[in-house]
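Residues annotated as domain 'Cadherin' in TrEMBL: 4-84, 85-193, 194-308, 309-413, 413-531. Taken from TrEMBL, the feature transmembrane segment covers 530-561.
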Amino acid sequence: KLHSDLDKGVGTVKYTLSGDGAGTVFTIDETTGDIHAIRSLDREEKPFYTLRAQAVDVDTKKPLEPESEFIIKVQDINDNEPKFLDGPYVASVPEMSPVGAYVLQVKATDADDPTYGNSARVVYSILQGQPYFSIDPKTGVIRTALPNMDREVKEQYQVLIQAKDMGGQLGGLAGTTTVNITLTDVNDNPPRFPKSIFHLKVPETSHVGSAIGRIRAVDPDFGKNAEIEYNIVPGDGGNLFDITTDEYTQEGVIKLKKPLDFETKKAYTFKVEASNLHLDHRFHSVGPFKDTATVKINVLDMDEPPVFSKPMYTMEVYEDTPVGTIIGAVTAQDLDAGSSSVRYFMDWKNDVDSYFTIDATEGTIATNELLDRESTAQYNFSIIASKVSNPLLTSKVNVIINVLDVNEFPPEISVPYETSVCENAKPGQVIQIITAADKDLSPAGQRFSFKLSSEASNKPNFTVHDYRNNTAGIETRRNGYSRRQQELYLLPIVIEDSSYPVQSSTNTLTIRVCRCDSDGTIQSCNVEAIFLPVGLSTGALIAILLCIVILLVIVVLYVALRRQKKKDTLMTSKEDIRDNVIHYDDEGGGEEDTQAFDIGALRNPKVIEDNKIRRDIKPDTLRFTRHRPPAEDNTDIRDFINQRLQENDVDPSAPPYDSLATYAYEGNGSVAESLSSIDSLTTEADQDYDYLSDWGPRFKILADMFGEESYNPDKVT
């Protein structure tokens, strides 16, 4: 209620209200000043309101007093129950925990005012879950209430917790939550076999390493606390079997370590121990965490293949043994109760197996072909044995046959030696170490012996020193050797082996005499070096000089013939008139070419000057005012021309063109007639040959031949 001192109660004062909640939560009577709440208030929503009030004049609307501020506080009542904001809860505690073991702490929240009354005072209690657990009323801590709670008996617990305000008094509000508590496992239980004896039946044909049975010990624990290790207690038959743990099922898997044989032993008995891998020392007092059971294994008889007496057979035979010779035998037996007969045969894989045969009944192995150790030293094949009663049951064994060597090859020098001896060698000097090799397979301790042949032992040049270790040394027996007297020595050496029968061979060692320095270093072993020293025999010198003279004569004759041929042959000499043709540098078109080279120019050189327009027209015979009578005898010219013609005809290097024939004496039928001036005139007028001297050095010979002779037409032929 608001009231102003200026209010006389006559209605002249008006009260106004403003601030938080004015008009919505609170209202004021303008005449009396009474303040009323127009809706429910919630302290948890808004604990107080700040308002402002003022008194004004009704007529003038002016404030009668300054505006005043006041606070309306909402008083709390217990209208909110406690709430578990984190619920429901999940917790765990190890099994077999003692009383009072901590499990979990819960907490409830009350929205009421904790400073006013007991509305927010919460007290905890267990509505469900006793007598296993307890809770602290004030703190809400949950603890175990019973000792030795066993997970194997009950694992899950659901506890209902209540939180009540007003200190738990009557009329207080309460809230609840659920706590799910799980007992975690500890290794408090040893493994136990469900039965004391396990019976297993195993076929005798079971393979080594295969699983032949399973046994299981039960452990009520969980996880790693339930992991079990199985072991075979040493005893009867325990060495034939092994046991491992299946990590998924925790079963003991019994495996076979060695093969079983019903005919040897029909049953085995041994003990198996099961124990935990992870022990808890708190429960050692409970007892040993292991258990033992007996395993009895009965071996079942099966129809088995034959069994060979050995896992592998090794035999030996000499090479060249006659065909059909028995070299050994294999044996296989049927160990079953029925004891069936056994048949043998070879496992054919390649052609090598054809060298041997086997008796199907007795199992004896014999040669089928002649053997050669140098070709094949060892044979490896398989023999198969099968039961007559059941041919499908077979077994196989490997047979190795070593071919023994028969001493049939003599020893020989292992490598070709290039042996040399110095001219200045001293007696007893070792010039070569030799070794021997034998194609036969040398047995242990075989040795080779070396000696000179009987014909060489009497010569005082070299000797052989046997070192008794399959090597020998070649030693000198003379004081110096001369290459002039003998360049090569052939030394026959006899080498024998120690096998039976003894084989020997004669090997020739070639020894070359060389020139050496004072230290024994070889300087020259060439054949040419033999003649270098002074003091050759007279016959040798004469032979050498005679050979040199013959070679010089041949060279001189060859050079002379070559020069004579170059001088006489006009085709290849500098005076060869055919050079005029070659220098035209154009190729004729044959007989049909009317513009070809005028062959008449060779008959009369003046045609070149007088008729330069048509070279293909034969020029007329020229007359000269100055004549020289022809030579009385022109046989030398004819012989000269014939000789040159014959030389060119047989010369394979002569060029194949017609101008070669222009040097010959062609007679009257030639188109070009003769190049010679002998028959070029039909009258007795003198021919002047002085112009030949003007033609140059190539016509010097013709100028010399015709320039000094008188022309005589009566002697022209």
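Backbone N, Cα and C define each Cβ position, glycine as well.
From a predicted model like this one, the values you see are computed outputs, not experimental measurements.
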Secondary structure split (DSSP) over the domain 'Cadherin' (309-413) reads 5 helix, 48 strand, 52 coil
In DSSP terms, the domain 'Cadherin' (4-84) comprises 0 helix, 32 strand, 49 coil
Confidence over the domain 'Cadherin' (413-531), expressed as mean pLDDT on the 0 to 100 scale, is 84
For the domain 'Cadherin' (194-308), the DSSP residue counts stand at 13 helix, 54 strand, 48 coil
